Amino acid sequence: MDAIVVSKADRTPRLVDRPRPDPTPGSVLVRTLRVGVDGTDHEVIAGTHGGFPEDADELVLGHEAIGVVADPTDTRFSAGQLVAPTVRRPRGDPTPQFDRGQPDMAAPGTYVERGIDGADGFMADYFTSPADALVALPDSLAAHGFLTEPVSVAEKAIELALASRSAFDWRPDSALVLGNGSLGLLTLAILAARDDTETLYCLGRRSRPDPTIDIIERLGATYIDSRTTPVADIPAAHQPVDMVYEATGHAKHAFDAIDALAPAGVAALLGVPAAGWTFEVPGSDLHRSLVLENKAVVGSVNSNARHFRAAADTLAALPDWLCDAIVTGVHDTAAFADAFRDGETSIKTAVQFDTR
């Protein structure tokens, strides 16, 4: 079967032939339809994030996938059913977090991540997965179901942010998304659909005309160019906001977000910055702001099957035009390299292995 890999000797993604995997009892053989490409994939390719499977020189890429059950073995699934796989698996014996169905809360070193760190991903004609790591999707999501994974990540982060404010009567009506990549835009759409979020902002570094700005404004949000209005200046230029959702991986944004918050606001951090960057921050001022204004900062990574199910519902409810606008390129395996190229008008790309 076809598979897209990187190797220790060659970090350039390439198409190779691999044997089709055989499912074991309790696992499912899935025929892959589409696999998305995101910033994490580029970090894996560059060697700045993740790692290879134990005793292997190659890693099959891809962690955002949708496929069709080819062989359900003895599981609850049926042949032909549409499914999306979660990403984390135990490294050795499962920890209590895995036993509770919360692999997203497992400690580093206790898990591998398909297509990212220590385990082959889903960019292949077929893959196998334990049944409990698969989520059934409606047939209506056959084209865009690979977005379930990134939407699930947004669902978890928003859930954590709301939970941090659940001890009191919090009534947020404004939010700021940092980052106008695909994850930021999908999150903006989720927030736009909430009844309590009346004012939305999205920060980026693109100049008009630009398709991401078009999407932002079509969702009813205000675009902020960080080159003219840095995050810390947003309260003066616009307003302090109740929620900040950081999806840039720019380390200073973690601290600037505190300044952007209104009293009792919360910032959710998702971006993972490169290690080793040091800079000065006004520590006592930030500390005072957090305490005296009841602000909170939460970190969030990965997601679990419950978030995937919520993401499937969210995707099905998004405006029909949105996914078509965000997914700017779907490439078959003969032209898979195009999915890894960033263009001025590209937002989200995917590799297509098969059709429904």
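Even glycines carry a Cβ here, placed using N, Cα and C.
Site annotation for substrate in Swiss-Prot covers Glu113, Glu149, Asn302, and the matching candidate from Thr40, Thr48, Thr229 is Thr40. Among Asp38, Asp120, Asp125, the residue that Swiss-Prot places alongside His63, Glu64, Glu149 at the Zn(2+) binding site is Asp38. Secondary structure of the region 'Disordered' (86-107) per DSSP (helix as H, G, I; strand as E, B; remaining residues coil): 7 helix, 3 strand, 12 coil. Listed binding-site residues near His63 (Zn(2+) binding site): Thr40, Glu113 (candidates Thr40, Glu113, Val301, Asn302; Cα-Cα distance within 10 Å). Nonlocal intrachain contacts for the region 'Disordered' (86-107), taken as residues 6+ away from its ends with a CB within less than 8 angstroms of a stretch CB, comprise 63, 113-116, 118-119, 130, 132-135, 149, 156, 301-308. Nearest in space to Asn302 (substrate binding site), taking C-alpha to C-alpha distance over the binding-site residues Glu149, Asn180, Ser182, Arg205, Val272, is Glu149.
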